[in-house]
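Novice: What follows is a single structure, and I will ask about it in a moment.
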Amino acid sequence: MGIHGLAKLIADVAPAAIKEHDIKSYFGRKVAVDASMCIYQFLIAVRQDGNMLQNEDGETTSHLMGMFYRTIRMIEHGIKPVYVFDGKPPQMKSGELAKRSERRAEAEKLLEAAEEAGEVENIEKFNKRLVKVTKQHNEECKKLLTLMGVPYVDAPCEAEATCAALVKAGKVYAAATEDMDALTFGTPVLLRHLTASEAKKLPIQEFHLNRVMQDMGVSHEQFVDLCILLGSDYCETIRGIGPKRAIDLIRQHKSIEEIVDNIDLKKYPIPENWLHKEARQLFLEPEVVDTESTELKWIEPDEEGLVAFMCAEKQFSEDRIRNGAKKLAKNRQGSTQGRLDDFFKVTGSISSTKRKEVESKGSAKKKAKTAGTPAGKFKRGK
């Protein structure tokens with residue numbers, strides 16, 4: 001689920017923290033991608049006649065097709081992806097997982113009724129609700145990535161937390177996931193829609209955590225408490241406190257404990273056995289990989305290995321797989337060139353007030369020298 005309503009709240013309260021870019025803007029960038037989120041997207045979206053793709057043996061192949069072609073697309077644009085797979089879910093997530101099981105059981109009943117009534121649209125809708133990423137899906141995608149020469153990381157716990165840790169350690173530029181809790185886990189940069197279908201034509205949304213906190217007027221600990229109030233996978237929320245009220249209360253009282261001491265508990269009852277402290281600890285000190293010992297290597301694809309796995313075993317078209325392997329090999333060279341801004345380090349900065357003063361003085365001098373001729377326009381590279 002991530003954090004309920006966080007993206008909209010940021011758009012409303014801290015819109016300057018969100019930038020929109022085309023995929024071409026990420027040439028030379030290393031990005032940690034939430035693998036489970038991607039695989040789930042592929043199982044939902046990569047379909048034929050409303051059903052997941054299958055080979056002649058009845059094995060699902062939607063995840064492999066999605067992983068193969070979306071990864072090639074990123075590499076063709078000079079992006080170096082590293083996929084991060086979920087480990088064991090934290091104990092605190094058991095309540096959320098139980099709710100998901102209940103929703104699946106309900107969807108199964110509704111699917112059965114839709115099939116009996118011959119309701120095609122509802123059959124497709126409820127089939128999608130039953131989609132679940134399995135261990136086999138994960139293992140097959142890991143095998144595929146290895147053959148493609150793309151690194152992956154097995155997170156000890158939540159993938160988003162390890163993605164965030166890799167960004168904080170400087171191993172990658174950003175965490176790519178649809179789950180907003182990557183920000184709560186502390187990723188400095190979050191990318192949404194990076195692995196979305198090209199047909200959707202969605203711009204990539206880039207969220208900057210420091211700007212979010214600056215414009216909201218909160219510290220990271222206060223931001224975590226705000227996310228807990230909005231609703232996460234790890235504990236319940238206080239009923240009646242929506243996003244607007246939550247941020248107002250955090251700004252006023254600074255922590256959940258202070259909020260609880262100052263609100264009308266009859267109007268806003270606290271959940272029984274509320275685990276907000278444990279949720280806070282999980283966000284602030286999650287179980288993640290040792291980033292220092294984590295080596296990320298992008299190597300040449302194994303074309304023959306890809307053909308053996310994807311064609312002989314999974315029954316994909318050999319021409320298409322070989323063509324994809326050649327694209328990987330060709331574009332791997334391009335993505336190793338890196339970005340210009342990797343070679344230049346900013347040694348200092350000036351405040352926005354000072355910058356405006358400098359710019360206004362500079363423009364005044366320029367006008368005097370050029371006798372008011374229009375200045376040329378330029379775009380500063382990123």
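Every residue gets a Cβ built from N, Cα and C, even glycine.
Marked as Mg(2+) 1 binding site by Swiss-Prot on the basis of sequence analysis: ASP34, ASP86, GLU158, GLU160. Among the features that Swiss-Prot reports, DNA binding site is placed at ARG47, ARG70, GLU158, GLY231, ASP233. The feature Mg(2+) 2 binding site is assigned by Swiss-Prot to ASP179, ASP181, ASP233. Per Swiss-Prot, region 'N-domain' is recorded for 1-104. Under the heading region 'I-domain', Swiss-Prot lists 122-253. Feature annotation from Swiss-Prot assigns region 'Interaction with PCNA' to 336-344. Per Swiss-Prot, the feature region 'Disordered' maps to 352-382.
Distances, neighbours, how buried they are, the whole picture for these features please.
Specialist: Its own atom aside, the Cβ of ASP34 (Mg(2+) 1 binding site) has 27 Cβ atoms within 10 angstroms in the protein chains shown.
There are 22 other Cβ atoms within 10 Å of the Cβ belonging to ASP233 (DNA binding site).
Neighbours of ASP181 (Mg(2+) 2 binding site), defined as other CB atoms within 10 A of its CB across all chains, total 23. In the three-state DSSP classification, ASP181 (Mg(2+) 2 binding site) falls within a helix.
A mean pLDDT of 51 is what the model gives for the region 'Interaction with PCNA' (336-344).
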Novice: With ASP86 (Mg(2+) 1 binding site) as the reference Cα, tell me which of the binding-site residues ARG70, GLY231, ASP233 is the closest one.
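Specialist: So, of the listed binding-site residues, the one sitting closest to ASP86 (Mg(2+) 1 binding site) is ASP233.
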Novice: Within 10 angstroms of the C-beta of GLY231 (DNA binding site), what count of other C-beta atoms is obtained when all protein chains are considered?
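Specialist: If we count other Cβ atoms within 10 Å of GLY231 (DNA binding site), we arrive at 20.
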Novice: Using only C-alpha positions, which one of ARG70, ASP179, GLY231 is spatially nearest GLU158 (Mg(2+) 1 binding site)? These are the binding-site residues in the record.
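Specialist: Checked the binding-site residues ARG70, ASP179, GLY231; minimum Cα distance to GLU158 (Mg(2+) 1 binding site) goes to ASP179.
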Novice: Please report the Cα separation of GLU160 (Mg(2+) 1 binding site) and ASP233 (DNA binding site) in Å, rounded to an integer.
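Specialist: Between the alpha carbons of GLU160 (Mg(2+) 1 binding site) and ASP233 (DNA binding site) there are 13 Å.
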Novice: If one measures from the C-alpha of ASP34 (Mg(2+) 1 binding site) to the C-alpha of ASP233 (DNA binding site), what distance in angstrom results, rounded to a whole number?
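Specialist: Just about 16 Å between their Cα atoms.
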Novice: Check ASP34 (Mg(2+) 1 binding site) against DSSP and tell me helix, strand or coil, would you?
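Specialist: The residue in question, ASP34 (Mg(2+) 1 binding site), is strand (DSSP, three-state).
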Novice: Taking DSSP states H, G and I as helix and E and B as strand, how many residues of the region 'I-domain' (122-253) are helix, strand and coil?
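Specialist: Once the DSSP states are binned, the region 'I-domain' (122-253) shows 69 helix, 15 strand, 48 coil.
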